[in-house]
């Protein structure tokens, strides 16, 4: 075959070709030329179809390897934004050249496939930073052991071990010392396990807090992604309140201003544009305007990544409740040390005076035959008993209980759509007296739908005939003056609309009812300038040029009554323009009022024709603004946002719990009042004075504001400053205030409030950063759930505190009385450490993990300065402690003679009864005031499990670990006596709750004495 080809191709053969052969040669050349031309045409068409600005993508089978020949490596892009190298950017061809170098597209972004993303991460890294290594388990073990009294106890155990082996030999002498070591180790390990688990739980929740979302364009579509999934080459869309997810350069946008105070410390806003300052640094916040940016560096290649990688996040900062409990722990510890010192002194005096008898009935100390080793061993045993009393007396379980209940409540709140950012907020929510809430999305479903459309005085339907020019202006007003977008791959496919609920409702309405084609409309106009929505002006505007006619038009969209006052003319459906006289204005205001009274959000569209750009250029500069005077009203739309079905019930629950609810909204007075009545915030027959406008409230004198702030239920047409002002007034009146917010300008009010609640769906990153708790579903019912959990945290701590103080009082009194009367303590060191384990760790697990109950929302809020130990708690714990002390002292002094027990059996009975009393008293501690302590117990499986484990371990301690615990085996009758006596705790707990108590007995006594 090759020979034939050579023959046909080579013309310089030694013999002349015949006519047929010449024809074959010509045909061969024609075929080769056609094939070459067809290949060349296909390559050119492919290049046109796939955009020549893209760098080469080598396709091999099903995998694609993306290369960046114009960019050496990640280090060449790293200093571009970090050091703001404007000349380097220009050398690369500006932002357009950088887009091409990174194989991206300014409009459609990157392709976004799996291979595309992995290639970019391999080339430039991922948008993550190394986190500090968390503390290991053994750190918490050492932390638990690193306690002064625990260390002293271990030293005593070591001395006891040495003297025991010396006196009784290795076979029998190691029990006492080794048992104490084992008990200390067990207590420390259980505490370490609990703390280690809570640390892991807090780290998991912290990771949830850091999971910021960003909107990127990939393959022509908008995608919300985690900030960690952003890659170099991504086109990121930025709006007010967003956090810049990575380093990048400005592509296109309008009026973009960022707050770089987190990076530079400078609080003044920085303008970002394509010419003077196109650089955007990771971590800064957008405070005005909107834009798209090209990501050039991620992760540790950014200044923000370097800084965050070096920050160690600790969860050890105490909350206010923990600080109060630390003070209480210190006070109880001092009492325990005092009792231990007295016990030690009494034991020493009785020992050296011969009053302390041994097992054989003879004095332990005989000054004529005393050995130094015996004296030292005896002193060590007495000192060990005193130190054990201190260990038991100090309620170390209180901080653990707070940590447990906070971690438990945070985890459960996360399941209930509330993400806690600051631990102290969990506690403070239990004390909240007033909630200032937004309307949209919080009280309502945030599912906007256009239900009314008016042009002039005529209400329009989809069949209404509207002039072409009016339709064109409406297309521009809705489709261009928006932060939303419409993606429609083909004419037959359903449009994908993104943006805020209001923008999506308007775009959906214009496409379905007005038959707007978004892409065609955008091609016909050029947007020259944009003024983003402003919460003060309540409107947004654009300045556009029509390509076909060259007409310059300013479009405004915003609150209807605020735009109407700026309109001098209005259009009708036939396209005619009429002047807004008094009669026309009255009719238009009536339309707005009627829509607002029907709970509709009324939005107006207005425009102004300009002969050129003179009006805009005259004001060009730092403060350039669009003209908003002498406008022509284009039309009104009324958007319906239904109230959430569960809101009325949630607000009623707040009212029953003594918590006031105030609605602060940007809607007009009529809409605000209609929604407030529908939600149950105000009743239809209540005074008009309960609803005020933000400007009216702002204009009050300080004294008048403080006088009226409690009566105001609804504030309409409010600005973020009005919300801040209300929070400040409420706090001056002594209220504990929770505030919901979603906008960037809500940040001051969120920070000023006692608890700031940001919205997770509509909330900006700035609002979330300023908040204490993020409401993930933007639902007011979730706010009430958070408040219920806040009260539960406080209630759980009080339950555990009552339980622990009962044990403390009983243990201290029993040991003190026994030491003074007999020279010996009935509970050994190992037994007291076991009681400490039950009380501190297992008791905290059982009582600090209870779920909220209905009665929590039937009481008024707990004041921030209210005492931790209430009169009710004192009544309950003193009754139980006196019962336990009385029974155990009877056993101590009369048990052997009355019941015929040996000393070992009597001591075991005291230990067993004391522990079982605590087990039964755990049930009493579940309800501080209610008589039925078993209500809802089947729902708390953890409580029942811990009680069961405690009982099983106690049986093992008494029956099987006799040498370790210093006990003897008990018979069935003796076990029955222990259980029967312990069970008496239940009827005592029930009866004592019939005794009435006053909230502050000392205050009542002082008032009585003063009156006398």
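The backbone N, Cα and C atoms fix where each Cβ goes, and this holds for glycine too.
Model confidence over the domain 'Cation-transporting P-type ATPase N-terminal' (91-165) stands at 82, taken as the mean pLDDT rounded to a whole number. Annotated domain 'Cation-transporting P-type ATPase N-terminal' per TrEMBL: 91-165, in sequence order.
Positions annotated as transmembrane segment by TrEMBL: 140-165 (among others).
Residues or ranges marked as transmembrane segment by TrEMBL: 177-196 (among others).
Tertiary neighbourhood of the transmembrane segment (332-352): same-chain residues 364-365, 378-379, 382-383, 385-387, 389-390, 392-395, 805, 808, 812, 815-816, 819-820, 823-825, selected by CB-CB distance under 8 Å and a gap of 6+ residues from either end. Annotation source TrEMBL lists transmembrane segment at 332-352 (among others).
Sequence annotations record features per position, and here TrEMBL assigns transmembrane segment to 386-409 (among others).
What TrEMBL lists as transmembrane segment is 805-827 (among others).
Residues or ranges marked as transmembrane segment in TrEMBL: 833-851 (among others). Taking Cβ pairs closer than 8 Å, the transmembrane segment (833-851) reaches residues 180, 183-184, 186-187, 190-191, 194, 388, 391-392, 395-397, 400-402, 404-405, 408, 412, 792, 795-797, 799-800, 803-804, 807, 811, 827, 914-915, 918-919, 922, 925-926, 939-940, 942-943, 946-947, 949-950, 957, 965 in its own chain, all 6 or more past its ends.
Long-range neighbours of the transmembrane segment (942-961) within the same chain, counting only residues 6 or more positions beyond its ends whose Cβ lies under 8 Å from a Cβ of the stretch, are 834, 838, 842, 845-847, 849-850, 908, 911-912, 915-916, 919, 922-923, 926, 967, 969-970. The transmembrane segment feature in TrEMBL is assigned to 942-961 (among others).
Positions annotated as transmembrane segment by TrEMBL: 973-992 (among others). Distant neighbours of the transmembrane segment (973-992): 875-876, 879-880, 883, 887, 905, 909, 912-913, 916-917, 919-921, 923-924, 931, 933; these residues of the same chain sit at least 6 beyond its ends, with a Cβ under 8 Å from one of its Cβ atoms.
The transmembrane segment (140-165) makes no contact with the transmembrane segment (805-827), as judged by fewer than three Cβ pairs under 8 Å among residues 6 or more apart in sequence.
Across the domain 'Cation-transporting P-type ATPase N-terminal' (91-165), DSSP assigns 47 helix, 2 strand, 26 coil.
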